[in-house]
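Here's the structure, in structure tokens; my notes come after.
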Amino acid sequence: MDYENFVKSAEEINNLHNVNYLETKDLNDFNWKAAYYICKEIYDKQQINKDGYVVIGLSGGRTPIDVYKNMCLIKDIKIDKSKLIFFIIDERYKSDDHKFSNYNNIKFLFHNLNINEKEQLYKPDTTKSIVDCILDYNDKIKIMIEKYKKVDIAILGMGSDFHIASLFPNIFYNIYMNNYQNNYIYNEKTLDFINNDQDNDNLKYLKEYVYFTTTNQFDVRKRITVSLNLLANASSKIFLLNSKDKLDLWKNMLIKSYIEVNYNLYPATYLIDTSCTNENVNINNNNNNNNKNKNNYCYSNTTVISCGYENYTKSIEEIYDSKYALSLYSNSLNKEELLTIIIFGCSGDLAKKKIYPALFKLFCNNSLPKDLLIIGFARTVQDFDTFFDKIVIYLKRCLLCYEDWSISKKKDLLNGFKNRCRYFVGNYSSSESFENFNKYLTTIEEEEAKKKYYATCYKMNGSDYNISNNVAEDNISIDDENKTNEYFQMCTPKNCPDNVFSSNYNFPYVINRMLYLALPPHIFVSTLKNYKKNCLNSKGTDKILLEKPFGNDLDSFKMLSKQILENFNEQQIYRIDHYLGKDMVSGLLKLKFTNTFLLSLMNRHFIKCIKITLKETKGVYGRGQYFDPYGIIRDVMQNHMLQLLTLITMEDPIDLNDESVKNEKIKILKSIPSIKLEDTIIGQYEKAENFKEDENNDDESKKNHSYHDDPHIDKNSITPTFCTCILYINSINWYGVPIIFKSGKGLNKDICEIRIQFHNIMGSSDENMNNNEFVIILQPVEAIYLKMMIKKTGCEEMEEVQLNLTVNEKNKKINVPEAYETLLLECFKGHKKKFISDEELYESWRIFTPLLKELQEKQVKPLKYSFGSSGPKEVFGLVKKYYNYGKNYTHRPEFVRKSSFYEDDLLDIN
């Protein structure tokens with residue numbers, strides 16, 4: 001490339017919302033255009049700067065290296081190299097000759113440009129202690145600014161956590177902890193910050209030029225970086241983004257910052273918001289309201305040079321141009337948003353016992369938008385009051401955890417929630433039914449939008465009244481004549497937006513929908529097809545929540561998945577495994593990756609085996625029609641237990657965002673071979689001979705019975721209600737470590753636990769030495785404890801003790817979010833980490849389908865075990881090959897936290 005070709009391509013630079021975008025075709029094109037762009041910026045600034053000096057900040061990383069190499073080769077832009085002043089934007093705290101040193105990786109640039117480093121380069125002296133290094137470099141940068149008055153050019157990139165330079169989110173917290181706390185580097189008294197490390201205003205108190213920061217994501221933890229304010233004041237800020245991943249990050253940053261920007265988390269947005277200057281102003285005097293002309297009112301000094309996508313700026317423009325872009329992309333609460341939650345199968349037990357109570361608690365906690373509709377769709381013919389009377393008993397149970405609230409407040413909340421609920425009778429397979437549903441749906445959504453519209457106009461006249469602010473007044477209808485007239489009196493053309501009463505005026509109101517399919521999977525496709533054909537949302541997004549089971553083997557899953565994805569894309573699908581919504585389960589990742597002792601020991605060198613147990617005292621009486629076609633393996637092993645395994649064995653992800661966690665889970669699943677029949681024992685419970693009944697128990701499924709007592713189960717059914725199997729993970733970390741799955745119905749206790757058993761000390765001759773064990777109990781209580789050996793007091797014998805690591809009274813929470821409460825909120829926010837991806841399900845079925853087929857083809861009969869026992873006796877021999885039972889282990893911590901406010905049973909999906 002030569003200068004003339006670059007100038008032609010530069011004519012295609014687009015400006016969108018204070019950012020210039022220069023697109024390139026490939027990496028070679030990127031490296032040349034970026035080099036020419038930087039050289040052109042240097043040349044232009046030498047022409048206008050006093051004495052021709054240009055101050056340039058260089059950031060590290062791999063991306064700019066090839067760009068800098070090309071800069072050395074450019075001859076057709078004449079630059080006075082003797083007047084170039086460079087400084088290192090960020091540096092790793094390593095010696096200058098270290099392979100990770102930013103200076104070491106770019107020093108060729110100074111050599112090729114004949115830069116006198118003593119006179120023309122400012123860099124940190126990493127031979128000093130970190131404190132002295134920071135203070136010394138801070139003084140150097142201060143001298144540089146005093147001498148040259150400003151920074152002309154800052155060349156930057158962006159990391160996977162949105163960091164720029166070495167300013168790692170949360171910026172204020174990172175800088176404060178590493179620099180000011182206990183006066184480590186700078187005087188803490190100079191800060192008078194707001195007591196909220198997320199607040200943008202805190203950044204203005206960071207007035208030094210150079211800071212010490214730390215990161216756990218990269219090889220070199222200790223970093224030296226110039227301040228965000230110094231970079232923001234650069235006359236030209238150039239971002240080099242040379243891959244799809246980096247461009248996705250940039251777009252994601254813009255999306256997340258659309259409503260309410262957080263500079264502490266997205267520092268590049270701070271540079272954008274300070275990028276509009278009066279330099280080279282080219283004011284467009286016409287009154288065209290076109291978006292591009294709007295943004296040309298000032299000179300933008302932030303430039304993104306991109307590579308990886310064609311028409312990247314078009315995709316960026318869509319964020320701003322779409323009427324509904326705000327809600328389509330943003331995870332933040334939108335004050336202009338109506339959220340409609342549609343529950344298909346609302347008359348079933350899942351909806352009554354789980355979904356509606358979870359929504360009610362979110363409503364009570366103000367976690368959902370004030371503008372909210374909840375519409376139940378079912379085949380059962382009944383009026384709304386009859387339907388609501390069936391769910392209100394479960395809603396009232398939720399209020400038990402709000403002990404401090406008055407009875408009147410609780411009544412108001414129930415009434416307010418009821419006024420947001422609706423009921424529609426329809427048929428899932430009838431297109432006509434969905435046509436009628438669409439008319440009903442759009443009518444009530446428009447009514448809610450009008451409420452918001454009138455309330456908005458009311459505010460324009462100086463009133464702060466909002467029709468949805470008071471729960472007790474939520475029964476107000478827009479058809480209320482007096483209230484409507486009052487609104488129209490306030491909404492005069494004088495006080496409302498231009499053309500507000502015009503027939504083509506479109507009120508900027510977003511309607512987002514969450515569709516919960518609390519249905520059997522064979523109804524999924526017809527429901528989604530009819531909804532897409534007749535009811536598709538044109539004013540916002542549709543998010544689809546699906547309940548298990550997702551097929552009954554690999555082939556049926558592939559077919560179901562194909563049909564679902566023909567109607568809605570993967571980004572819209574939220575597949576629920578309710579175990580991922582449990583509070584302790586969601587804490588497994590942080591438990592592992594924030595505790596050094598656990599992270600360093602979680603591999604085959606230290607771990608003897610992992611045992612995951614999920615036992616229930618309930619049988620399946622009353623639910624046999626659902627359970628019998630699936631059995632225990634499909635019910636809990638292929639989903640819940642496998643998900644728990646991925647969370648405790650996955651590698652440390654790059655970060656904890658949705659995609660990174662999903663990728664690491666998939667790596668584990670891909671490493672698990674199919675389960676062998678010889679490593680499996682199945683069982684089926686029968687009526688016990690000496691079972692002691694609980695006189696207070698009214699639950700038929702907990703009373704002594706045989707599996708075949710359920711009237712919906714064939715007397716010859718061989719469906720297993722119990723299974724123990726051995727899995728392996730063929731990865732470097734876990735090769736050869738047996739994973740024991742054990743689960744069943746009608747057993748001796750209710751528990752879900754993970755036991756990580758360690759190898760014994762090599763060479764130990766003490767046969768009584770029990771293995772150390774790290775135990776995590778997920779339900780019916782939450783507990784963590786460690787089994788270890790100590791010497792008995794007064795003798796030489798060893799004994800086993802338990803170190804209680806359970807949450808203490810100080811952190812005790814009476815109101816722990818229930819799984820569905822968490823999952824519904826995560827879906828609303830657009831977070832997918834706690835949901836199962838299509839690829840995860842594919843691998844899950846791949847692991848279990850061969851075993852399921854072999855059991856069916858060979859008609860393997862399950863071993864019998866008594867109701868209320870621990871399962872088939874033969875299981876002990878299989879497990880003992882891999883797991884050291886040791887002494888009876890019945891210890892429980894003194895304080896444990898209930899894992900769920902509700903009973904945890906999902907088998908009866910209607």
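Positions of Cβ are set from backbone N, Cα and C atoms, glycine also.
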Open item on the list: His578, Tyr579, Leu580, Gly581, Lys582, Glu616, Asp635, Lys745, Gln779 show up in Swiss-Prot as binding D-glucose 6-phosphate; which entry in Lys548, Lys558, Lys662, Lys715 does that record put in the same site?
Closed with: Lys548
TODO: In whole Å, note down how far the CA of Glu616 (D-glucose 6-phosphate binding site) lies from the CA of Ala351 (NADP(+) 1 binding site).
DONE: 22
- [ ] Give the maximum pairwise CA distance in Å, whole number, for the residues Gly345, Cys346, Ser347, Gly348, Asp349, Leu350, Ala351, Lys352, Arg379, Lys548 listed as binding NADP(+) 1.
- [x] 21
Task: Secondary structure tally of the region 'Linker' (171-276) (DSSP, helix then strand then coil) - done: 47 helix, 17 strand, 42 coil
Task: Per-residue pLDDT averaged over the region 'Linker' (171-276), given as an integer - done: 84
Task: Distance [Cα-Cα, Å, rounded] between Lys548 (D-glucose 6-phosphate binding site) and His640 (active site, proton acceptor) - done: 10
- [ ] Could you state the whole-number distance in Å separating the C-alpha atoms of Asp349 (NADP(+) 1 binding site) and Tyr579 (D-glucose 6-phosphate binding site)?
- [x] 18
Open item on the list: Can you tell me the CA-to-CA distance separating Glu616 (D-glucose 6-phosphate binding site) and His640 (active site, proton acceptor), as a whole number of Å?
Closed with: 14
TODO: Identify which of the recorded positions Arg379, Lys548, His640, Lys745 has its Cβ surrounded by the largest number of other Cβ atoms within 10 Å, counting every protein chain shown.
DONE: Lys745
Task: Around the Cβ of Ser347 (NADP(+) 1 binding site), the count of other Cβ atoms that are within 10 Å - done: 20
Open item on the list: Using a 10 Å cut-off on CB atoms, tell me which of the binding-site residues Asp349, Glu616 is the least crowded.
Closed with: Asp349
Open item on the list: Going by DSSP, is Gly581 (D-glucose 6-phosphate binding site) sitting in a helix, a strand, or coil?
Closed with: helix
